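Undergrad: Take this structure, written in structure tokens, and hold onto it; I'll ask about it next.
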2 protein chains.
Amino acid sequence: MAHTGTQTQPVRSCLLLVVVSVWVQQVEGVWPLPQQLHQSADRDCLSPQRFSFTYGRDSAAQTGCSVLDAAFKRYFSIIFPDFTKGSENRLQYVWSEPQPFVVSVSVKTRGCDGYPDEDSDESYNLSVSEGQAVLRSVTVWGALRGLESFSQLVYQDDYGSYFINKTEIVDFPRFAFRGLLLDTSRHYLPLHAILKTLDAMAYSKFNVFHWHIVDDPSFPYQSRTFPDLSNKGAFHPFTHIYTQSDVIRVIEHARMRGIRVVPEFDSPGHTQSWGKGQPGLLTPCYKGGVPSGSFGPVDPTIDTTYKFMESLLKEVKFVFPDSYVHLGGDEVSFACWQSNPNVRKFMEKMECLKTHAVRVTQCLLLSQIPQDTVLEIWKGEKYQAELSRMTQAGHRVLLSAPWYINHISYGQDWRNSYAVQPQNFSGTEEQKKLVIGGEVAMWGEYVDVTNLTPRLWPRACAAAERLWSNEEKTLNADLAFPRLEEFRCELLRRGIQAEPLFVGHCKHEYDGL
Amino acid sequence: MAHTGTQTQPVRSCLLLVVVSVWVQQVEGVWPLPQQLHQSADRDCLSPQRFSFTYGRDSAAQTGCSVLDAAFKRYFSIIFPDFTKGSENRLQYVWSEPQPFVVSVSVKTRGCDGYPDEDSDESYNLSVSEGQAVLRSVTVWGALRGLESFSQLVYQDDYGSYFINKTEIVDFPRFAFRGLLLDTSRHYLPLHAILKTLDAMAYSKFNVFHWHIVDDPSFPYQSRTFPDLSNKGAFHPFTHIYTQSDVIRVIEHARMRGIRVVPEFDSPGHTQSWGKGQPGLLTPCYKGGVPSGSFGPVDPTIDTTYKFMESLLKEVKFVFPDSYVHLGGDEVSFACWQSNPNVRKFMEKMECLKTHAVRVTQCLLLSQIPQDTVLEIWKGEKYQAELSRMTQAGHRVLLSAPWYINHISYGQDWRNSYAVQPQNFSGTEEQKKLVIGGEVAMWGEYVDVTNLTPRLWPRACAAAERLWSNEEKTLNADLAFPRLEEFRCELLRRGIQAEPLFVGHCKHEYDGL
């Protein structure tokens, strides 16, 4: 036995625990559940001092790949939280030399500097054996998903030692679009809250941040073309805005986690805050044949509206790299339009705006919905009928209606989200394929930075698993419960203020307050 | 104009704002609403450098009074948050000398080292005029309530200057018992979360912390007499317990804020966690005539039970200074007792345990409920009938049933709490007087440190006003809404993570995350 300064606690425990490994093994602790996962009771002890990530020889990406270099660093801290905090650098007895463990990552295509998109291949294979793990994927985005799964396979015993069981994973997402909406108009969310949400999204394998950035109550986006929109339309022109640099930071933080940023500039309704910085944009409402002084949706009858919208959208398309821009189109107040004689004439001429049941670009910009527009089913309890109808018309669809998780209720309401079956509607196999995914929505009427995180997590995880995993293997919420409880504790360990699912405790409670 | 290092921003703004004071005046910004409040548009500018608290010459308490000395220090920071953070110590232009402002506090009886109790007089009179405020009360506890109201009268303009309007307040609580329950058994709440809750309670003039400290899931109270109760019954014997020193700290933190600490050791049911560290305490349940291996409530048939309970309660009465100990007595599982032949015999002999609709000491310790026991109405939607029945029997009662605010729902559910009328039941005037107050309960099934504060605040504030203020003046929730919104922003400013009531923003958003 020799004295040294470091590296011993893990080893001592490793030796001791070989004896009891049969009872304390951890199985299937990955959320969302991989498509195929096989674990054995054999396990390996990980020593942070001898642990490394490396690029496989045949990997298209090598050192210098921004996305993966950063991910290696990030996941090292996630996997070894105690070590990173320095608490294991204590004087201890050495029982034996720690063994090395190498995670070799190989991707087929480089693409380290690009952005994830709707066609990104997120599949990966992960094989964990003695002293090593081999992670293979087509893209760096798939490698990120694999690293996340790998990090969830590592666990600590009561003495703080790190272990991983021998594991084989073949994994890929069920749906390509797994989104989460934040609403930064009804309440302003500070930048750090958005970045933290992106972190937690990556842990749950969400891949689209739908940024509902502006709406009636406020316009926090600081436009370079129209600075008055936030100067006059934000809650406060300095403290409650997103500067261009904030937006870039969000996009880059998301990119590093394989997350797309789809901005929404909802119009022609939901634009009250726009009117403050852009006089003449909104429709003057009429009462008794004269303007009442209040304003309705964007005024579709005048040329300046189209010029303004074109310039703004041009900027948006320049700032946000994603090929999608969400144009809202929901809940247009027709009463004001109908009160205005010019708009009434215009509507008669255009024969449009007769429906507003879907959140899509509307008559203002397009007289018909083009076939390649993705429709989002966001309203109503009978969303199955909408799914059926929209896919029959050949549109690709996103499901959001059952995942408005800002609607809280007492108890384990994640079970409702978990029970959703996005392809369980009347239609052909071809129609089912048109469901490209779904998204969780956290609308902001009653949510700001004070309660955002505990309302989101772990409640959003239910949809995350539904959108990623095989439905047949994840039908039973009772079976999912202990795995979700464990994942929630893992979120706490990673600094996410995720609320409890039920009575109990985590070994490491949340200590971020 | 001269250069100096400090003290100028407030003065400049004071001068500028005399002109517009008519529009920006702040009226009735106190929560809960004082019994009588008169404000004028005349206002005084406060300069932190020339502001002081002092004891009135005729005050029974003088410098050295622990409660008030500490309160002066605390409220100075609360009233001048910017100054305390040092941001006003900038180089600025001086326009004129700031004027002094003195808050003179006089109490009739000293009692600085005692504890608040059910008979404590919390009334106070506050008179704010030019350059001074005079706060008079019978006790130091009343002075604390007055200081809280005073702190809420001070506001800042857009330039950061502090103002207070001329104000006359005559105030006293409607009910003597205004409680808030935290449950530290279903989830462990770290000490700092309890202390923070006590802070927020004081801001809302709650005066009883009902500490539901142990229950079925865990026994975090570290008993000096029976250390095994937490060693074996806590979620973790080191990290998830309240040591004696923790308990002392909670009691002292509460005392300094005029808050009583009423501990609850719920029995004979809700004691599963007790059994782990106290073998033989719980009733063995029977199945098919033999012990099933599971255990029910405390076993009332054996002598050791009574000796144990006596010792534990003796300790509890020693550790907790309040004259109340809550003994629960609710939700006893009769099935187990009835399965056990010894208990069945015992029950037949005692002719008791036929009711469990109220949370009181039960047959185990007392064969009848003594007249001086305060009953808590905690169950059922028809709590009015219970109020009527219990007060007719001459018991003093506490209302809690409509204030189980762990039961969340979407939207502004504080309005339900606000609509409660504790004395609106069928009964005589004498019966109405037996309602000594009520309490908000935050049970812990789905609540831990991650979501406690945003679920509590500002939702609990509705009951705080109902229990303190004149009901006739506070019937209308719509009228209360803007004042509650303002108070919620004030809570954020004081570091309380209080969730939003609806769409909007605060000038100073929560920055504690």
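Along the chain as shown, the residues are counted starting at 1.
Every residue gets a Cβ built from N, Cα and C, even glycine.
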Undergrad: Could you identify, going by TrEMBL, the member of B:Cys285, B:Cys352, B:Cys363 that forms a disulphide bond with B:Cys336?
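TA: Between B:Cys336 and the options B:Cys285, B:Cys352, B:Cys363, TrEMBL records the bond with B:Cys285.
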Undergrad: Scan B:Cys45, B:Cys65 and flag the one TrEMBL records as disulfide-linked to B:Cys112.
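TA: Cross-referencing TrEMBL, the cysteine bonded to B:Cys112 turns out to be B:Cys65.
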Undergrad: So B:Cys489 is in a disulfide according to TrEMBL. Which of these is its partner: B:Cys461, B:Cys506?
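TA: In TrEMBL, B:Cys489 forms its disulfide bond with B:Cys506.
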Undergrad: Among the disulfide-bonded residues listed here (B:Cys65, B:Cys112, B:Cys506), which has the Cα closest to the Cα of B:Cys336 (disulfide bond)?
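TA: With Cα distances computed to B:Cys336 (disulfide bond), the winner among B:Cys65, B:Cys112, B:Cys506 is B:Cys112.
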Undergrad: To see if you understand the setup: which same-chain residues, six or more apart in sequence, place their Cβ under 8 Å from that of B:Cys506 (disulfide bond)?
TA: B:Arg488, B:Cys489, B:Leu492, B:Arg493
Undergrad: Going along the chain, which residues six or more apart from B:Cys285 (disulfide bond) have their CB under 8 A from its CB?
TA: B:Pro291, B:Ser292, B:Ser294, B:Phe295, B:Gly296, B:Ala335, B:Cys336, B:Ser339, B:Asn340
Undergrad: What does the structure give for the C-alpha distance between B:Cys65 (disulfide bond) and B:Glu331 (active site, proton donor)? Integer Å is fine.
TA: 44
Undergrad: Report, as a single number, how many Cβ atoms besides its own are within 10 Å of the Cβ of B:Cys336 (disulfide bond).
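TA: Excluding its own Cβ, the number within 10 Å is 22.
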Undergrad: Where DSSP helix means H, G or I and strand means E or B, what are the helix, strand and coil counts for the domain 'Glycoside hydrolase family 20 catalytic' (B:368-470)?
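TA: So the counts come to 38 helix, 16 strand, 49 coil.
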Undergrad: Would you mind giving the whole-number mean pLDDT across the domain 'Beta-hexosaminidase eukaryotic type N-terminal' (B:30-153)?
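TA: Over the domain 'Beta-hexosaminidase eukaryotic type N-terminal' (B:30-153), the predicted model scores a mean pLDDT of 91.
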Undergrad: When a 10 Å sphere is centred on the Cβ of B:Cys489 (disulfide bond), how many other Cβ atoms does it contain?
TA: 21
Undergrad: Distance check, please: Cα of B:Glu331 (active site, proton donor) against Cα of B:Cys112 (disulfide bond), rounded to an integer number of angstrom.
TA: 40
